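Participant: Taken from TrEMBL, the feature domain 'Xrn1 N-terminal' covers 1-222. Summarising the annotation, TrEMBL assigns region 'Disordered' to 99-129. Residues annotated as domain 'Xrn1 helical' in TrEMBL: 261-333.
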Amino acid sequence: MGVLKFFKWLLQRHPILNREIIETDPPKIDNLYLDTNCIIHNCSRKHRKGTDKKDVEDKVINHVLRCIDELIRVVRPKNLIFIAIDGVAPMAKLRGQRERRALAASKTHKKREESEESNPEAKSEFNRNAITPGTEFMEKLLKELHLAISSRINSNSSWKKCKVIISGPRVPGEGEHKIIGYMREQLSQAPSLRHCIYGSDADLIILGLCTHLPCVSVLREDVQRVNGRIKRKFIFVDLKVYRELIDMEFEEVKEKITFPYSLQNIIDDWMVLTFLVGNDFIPKLSYFSVSALPLVYRKYKSILPELNGYITCNGELDLNRYEKLLSVLADIPKSQKTSKGKYQQDLNVGKSMQYTKKPLAGLVDSHIESDEQK
């Protein structure tokens, strides 16, 4: 799932959520979850060429392992390290995924032929379509990952104290969904655990909130070029704080609705509203962009008292209420749905919201258990 520019919009609207992690003062985290495909893709971009196919793949794999080591060193989880790699995607996403990868394969093949004609001794290039379940590269990566982590558990105290789970490409489902599924199991078993999800997709914020776990955060790497130099930092978004900001944003409906106010239902409805501007599993609404979200929220607040209930209930969408909301949104002029001027105005409104609740201080059996072995 992808909500284009949502992360940037969120931090601009609520700067309080933008917290940089300092390695000497890490957040207190029990369970760390790695949405590993973003690491693999980033590493493949940095090692595009090599003397041969094996050389390129080895460079990518070694870089992936170094990145995982860095994340463990920075976060220092106390209980669990969950490494998730994308398996076969759900059917709703497969068609678009196939189209993108077929197009990429065609371009890569054409580029390789042109390169070989002009330079027969050209270096081998990494085929990014290899980052797909069932390929030789992914099997090789999974094998090296098991070997490397087994070695680290025997020699590194940061790994030795944690339970390690690898959910590899043989397990169906996208990495982020496998992570959220595991986290939901913890809701009844150990609700007080502090969870941190690492990944580059902004929808991890949405999925993390919808677990309704009390202590969840999202970790993301931010890379910028400053004065010709690359500057890297880790951004830590505390979803407990964002949950309270959502409560503040929608609190005006408390006095208007005739049914009980529920923040859990508000958050579930908020998820549905947010996915109107980006969702890989349904066709995109081309006339909605992230800049329209505050307007969508206002329309929702205005119509909610008339709906006699929330759009969602126990994870199910009430289609009659949802249809009424869409009818209201359909009447909005297209210019307002993508207005940049309105976007800046709404950013200023978000920044002016006074966050008065103090965030919780510091919120921020050693073995490998592979999902393939279950």
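Note that Cβ sites are derived from N, Cα and C of the backbone, with glycine treated the same way.
Note that the coordinates shown come from a computational prediction; the quantities given were computed from them, not determined experimentally.
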Participant: Give the mean pLDDT for the domain 'Xrn1 helical' (261-333) on the 0 to 100 scale.
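Facilitator: Summarising the domain 'Xrn1 helical' (261-333) by its mean pLDDT gives 89.
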Participant: Give me the DSSP three-state residue breakdown of the domain 'Xrn1 helical' (261-333), ordered helix, strand, coil.
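Facilitator: Per DSSP, the residues of the domain 'Xrn1 helical' (261-333) fall into 45 helix, 4 strand, 24 coil.
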